[in-house]
Amino acid sequence: MSEPLILGIESSCDETGVGIVRGNDLLANEVASSMEQHVRFGGVVPEVASRAHLEAIVPVLDKAASTAGVDLSELDGIAVTAGPGLAGALVVGLSAAKALASWLNKPLYGVNHLAGHVAVDLLEHGELPMPCGALLVSGGHTSLLWVNDIATDIIEVGSTIDDAAGEAYDKVARVLGLPYPGGPVIDKAAAEGDPTAIRFPRGLTARHDMVKHRFDYSFSGLKTAVSRWVETQQRDGVEFRIADVAASFQEAVADVLTAKAVDMCQEYGLTHFLIGGGVAANSRLRTLLAERMADAGVELRRPRPGLCTDNGAMIAALGVQVVKAGLPASAMDISADSGLPIETVLV
């Protein structure tokens, strides 16, 4: 039996992505980002994102089909992000997928955006031994997952109880007078700084947190600590290096993310682990996680940075797994679900 040929559409936030995948082979991955339109607002504006998706979806779709060199009539199915994400943005991608599936008379698969971040690793490293652990870290989500089967059985073991890691990056960047989005600019600034210059707090790592929040994250306190530290220095007229603050903040984030990931692997006897999501492109996080997983005897899978951010290829990759699992197609009247839980891989 030939490998499924799946087209994936992603529109959960500010990237309009279309990917085409045959099995674990990536044929096309085209992305149009509306990031520049959100910079002056200091964050993603849902209405602006939705309008950008409307303008970009057809050109991106055409480019992906051309790059892949396949006739859309050859597709075995259309996969699309059904959630979680911005409601209006999701509707644009879902509507496009429904129209395409109807026109081509192909099955529609509404899938979970977060599970897509797990599935995308298959495109780079091939089949993933199960069970495995996963850390998904982005602007909207920070979760530790137990993955028994990418298409049917993903369990959230821990998550953030307040801000996601990516949100903290954006807010700290604003405090430091750095532009949006905060992740890349703080990563760049931190490269010139001293990560030991300031000891910022690591949320939910105290002994009393281990009972209820052993595998959960909290970045609100860290964000506040950085803000207050900067305010104090400015009030007292003390000069400081932005690079040192950025590096110290980034070290705190990477430290707690990786420590809990390793703890999860040791607690559940996991020997394979992967990382995904936009913040997974962060250089310090990738390096520290690799070091700590190696010390723990756990094989780490890290997709290249370009596959960590939102894209259509990850949705197509997940669609392939759904088809190979023999799961039924989604109904054509499915709705977008901005709060779709990770446990629901297929809608």
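From the backbone N, Cα and C atoms, a Cβ is placed for every residue, glycine too.
Per Swiss-Prot, Fe cation binding site is recorded for His113, His117, Asp310. What Swiss-Prot lists as substrate binding site is Leu136, Val137, Ser138, Gly139, Gly140, Asp170, Gly183, Asp187, Asn282.
Features per Swiss-Prot, on structure.
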| residue | record | Cβ contacts under 8 Å, 6 or more apart |
| --- | --- | --- |
| His113 | Fe cation binding site | Glu10, Ser12, Thr81, Gly83, Pro84, Gly85, Asp310, Ile315, Leu340 |
| His117 | Fe cation binding site | Ala134, Leu136, Ser138, Gly276, Gly277, Ala280, Cys308, Met314 |
| Gly140 | substrate binding site | Cys13, Pro84, Gly85, Ala164, Gly166, Glu167 |
| Gly183 | substrate binding site | Gly139, Gly166, Tyr169, Asp170, Gly278, Val279, Ala281, Asn282 |
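Highest local Cβ density among the binding-site residues Ser138, Asn282 belongs to Asn282, counted as other Cβ atoms within 10 Å over all protein chains shown. Taking the Cβ of Leu136 (substrate binding site) as centre and 10 Å as the limit, one finds 27 other Cβ atoms among all the protein chains shown. Largest Cα-Cα distance over the residues recorded as binding substrate, namely Leu136, Val137, Ser138, Gly139, Gly140, Asp170, Gly183, Asp187, Asn282, equals 18 Å. Reduced to three states, the DSSP call for Ser138 (substrate binding site) is coil.
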